[in-house]
Amino acid sequence: MSSTNHFTYLVLGAGSGGIASARRAAKHLNAKGNGDRIGIVEVTRPGGTCVNVGCVPKKVMWNTSFIKEMINAAPSYGFDFGGQQVKFNWPTIKKARDEYIKRLNGIYDSNLAKDNIVRINGYGRFSGPKEIQVNGANGEKYTADHILIAAGGRPTVPDVPGKELGITSDGFFELEDLPKSTLVVGAGYIAVELAGVLHSLGSETTMVIRQKQFLRTFDEMLHTTLLKQMTDDGVKFVTEASIKSLERDVDGKRIIATTNAGVKLPPVECVIWAIGRVPNTDDLGIDKAGIQLTEQSGFIKVDEFQNTNVPGVHAVGDICGNFLLTPVAIAAGRRLSERLFNGKSDLKFEYENVATVVFSHPPIGTVGLTEQEAITKYGTENIKCYNTSFINMFYSVQVHKVRTSMKLVCLGKEEKVIGLHIIGDGCDEIIQGFAVAVKMGCTKWDLDNTCAIHPTSAEELVTMV
């Protein structure tokens, strides 16, 4: 094997976790000046799901829908458009959004080059326990002292007749115009977010969910509040149903979905599959490396330090299946590099009290245990919950109202806050600071002992009784 084909650290996948780990490794290895080499293998644009077809472009579209809601609220605040209707142009924001993503791709490439990280263009697969072959059986082979698998995941598409008539969340970002009507199939945060954006921008939106509720792993207060708000806002729901087939209508322009009960739903212009994601482990040559996968979902099995069962092979991010969140992949990747290349042998990412946000309408912020999880873990007698629900002051002069609801889940006599769940305008920003408090072990008294900022929604979290 040529010395140019051997690396100290070789990363498979230039997504958020892979790049973060590679750059942190470069920081330490480059400083040592021992000639250590770092490489990263990627077949497409750098940035992974988050930058290209996930968090970043999604947030741009959420911002777009937020502006639309502000326009709707403007007359209540005395703004007169002179009888003119404000028009929304989807191609304009799509062009601006796509250009922004390309700039980010360029920044990632530039940062990799600055850190002397070798970019290997192509699709990498294991050809042995510590060997990666790029671009097929006749492709170049690379070895490394340490290999990181950070190849991410992809949307799931059900195996039903006509499945190709639907698109995934990836395809959402390829839409050239706003569909007049959309059917979103799924009950997770991706389904909820896309349905909210499309409805706010003017697409007649229906959600199909297998059970009575969506966001079922979230606290009951959150999904109950959101379901009512989305229903009040005009989103339609088909519950306790799944899609058995898709077909074109008679004119070929719209799509008709048939449920498992044999009910044909009204035709729509667009169907989005948002039923979950699977790890990209099926075409990585995992068997040739002897890497173990989880039995149920095929994620890469790792220990608390992100090690696989093969010495010198590690994994982070969505491909591990533990919190499919960009900040988690970044944090785990950086800690891995600190452990491998900076002597911090005990450093690891702690998968507890990870805060998360759903960019729904209104947004959700949550950290810690749900009420039911807390009761299951500690017993009903040891849990006390504090709740509040109110109309944000922003809606005081509007006919349209959006409710804000908050819950604190507290443990024991000292009332340690082990869960904090909020939904309402601004909750996507509010949650970060309170997540720090929960991570530090704050109690209800710590919140009570904090002077409120008035008038805000956040003050309710420090004034609950």
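Note: Cβ is positioned from N, Cα and C throughout, glycine not excepted.
As the structure is a computational prediction, the values presented were derived from the model and not from experiment.
The annotation glutathione binding site is assigned in Swiss-Prot to Ser16, Arg23, Tyr108, Arg334. The Cβ neighbour count for Ser16 (glutathione binding site), using a 10 Å radius over every protein chain in view, is 29.
The FAD binding site annotation in Swiss-Prot covers Ser16, Gly17, Glu42, Thr49, Cys50, Lys58, Gly124, Asp318, Thr326, His454, and the record cites similarity to another entry as its basis. The secondary structure of His454 (active site, proton acceptor), as reduced to three states from DSSP, is coil rather than helix or strand. His454 (active site, proton acceptor) is surrounded by 8 other CB atoms, counting those within 10 A of its CB over all protein chains shown.
Swiss-Prot lists Cys50-Cys55 with the feature disulfide bond. According to DSSP, Cys55 (disulfide bond) is assigned to a helical segment.
Residues or ranges marked as NADP(+) binding site in Swiss-Prot: Ala187, Ile190, Glu193, Arg210, Arg216, Gly276, Leu324, Val357. Spatially close to Arg216 (NADP(+) binding site) yet at least six residues away along the chain are Ala187, His223, judged by Cβ distances under 8 angstroms. Arg216 (NADP(+) binding site) carries neither a helix nor a strand DSSP state and counts as coil.
What Swiss-Prot lists as active site, proton acceptor is His454.
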Please report the number of other Cβ atoms within 10 Å of the Cβ of Arg334 (glutathione binding site). 20
Cβ neighbour count (10 Å, all chains) around Gly276 (NADP(+) binding site) is 17
Leu324 (NADP(+) binding site) - helix vs strand vs coil (DSSP): coil
Nearest of the recorded positions (Ser16, Glu42, Gly124, His454) to Leu324 (NADP(+) binding site), judged by Cα-Cα distance: Ser16
Where Gly276 (NADP(+) binding site) sits in the secondary structure, as DSSP reduces it to three classes: coil
